[in-house]
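Undergrad: Please see the structure below; I have some questions.
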Amino acid sequence: MQLRRKLARAMGRAITDFDMIADGDRILCAVSGGKDSYAMHALLVDLARRAPVRFSVIAVNIDQGHPGYPGHLLTDYMAAGGHEFRMISEDTYSIVTEKIPENKTYCSLCSRLRRGILYRIARELGCSKIALGHHRDDAVTTLLLNLIFAGQLKSMPPKLISDDGDNIVIRPLIYCAEAELAAFAAEERFPIIPCDLCGSQENLQRKAVSQLLADLDARHPGTRQNMLAALGNVRPSHLFDTGLWKRLGLEVAREEGSARDEAGVGAPAPDVLPVGNLLRNLA
């Protein structure tokens, strides 16, 4: 129960920080059968019962045609709990296996196909938001992947609008630690569906970065949490994006630890922006 409350508080902070849920929302909760999506569904259902705003949750799973897919585990679990649930059958597995060479990871194409299906189903079900189960560790892993392999300073947005403008995607677990979600899933005995049914291997770059983060956190506890905090504590003038400088009206950076910064005298320095302010400035 203590772990459930801790995760609920972290999720609540994310929802509040990024205005993820509004009164009257109908949330499509994408449930893959993994620990994270089960946890997200359980926490959202709890929140819907006690939140000051009224919203509803419908769980959706996509049976993508993987051989031996045990979809009945999810169906039985949702029925036993009396949860609103839809199982959608779409054979994307044959498309992926046809397009992707043997021994290559299917994950990227599979994910894109699944996302497109979710967008369509959300419209059909009248859902105003789509909730995905990405967590803190996903966010910081993506940050490092982009830094190392793409030369970009970005993670995954906690809230985004789809290219077609019809769907808003939210990530309520973005402040939650993967280890705590795993412990919660074990505590609740969720009937987990394995993610390797297709036989595809995890992306090697992501696997390497995940291991790097695990090693760093073992040697320097709090590494992942500090990286998450950094994503919400941005100093644009200490970055090299000239377009960002122009949009924010920056002319020169301030020294670290300047008297103004230390004393907090006067108005906040324009180059010190919590992430919420940054997003509003760029909107």
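The backbone N, Cα and C atoms fix where each Cβ goes, and this holds for glycine too.
For reference, Swiss-Prot lists these features for the protein:
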type: BINDING; residues: CYS107, CYS110, CYS198; note: [4Fe-4S] cluster binding site
type: MOTIF; residues: 32-37; note: motif 'PP-loop motif'
Undergrad: Given the binding-site residues CYS107, CYS110, and counting only Cβ atoms in the protein chains shown, which has the most within 10 Å of its Cβ?
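TA: In terms of Cβ crowding, the pick is CYS110.
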Undergrad: Can you tell me the mean pLDDT for the motif 'PP-loop motif' (32-37)?
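TA: Computed over the motif 'PP-loop motif' (32-37), the mean pLDDT is 95 on the 0 to 100 scale.
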Undergrad: How do the residues of the motif 'PP-loop motif' (32-37) split into helix, strand and coil according to DSSP?
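TA: The breakdown for the motif 'PP-loop motif' (32-37) reads 3 helix, 0 strand, 3 coil.
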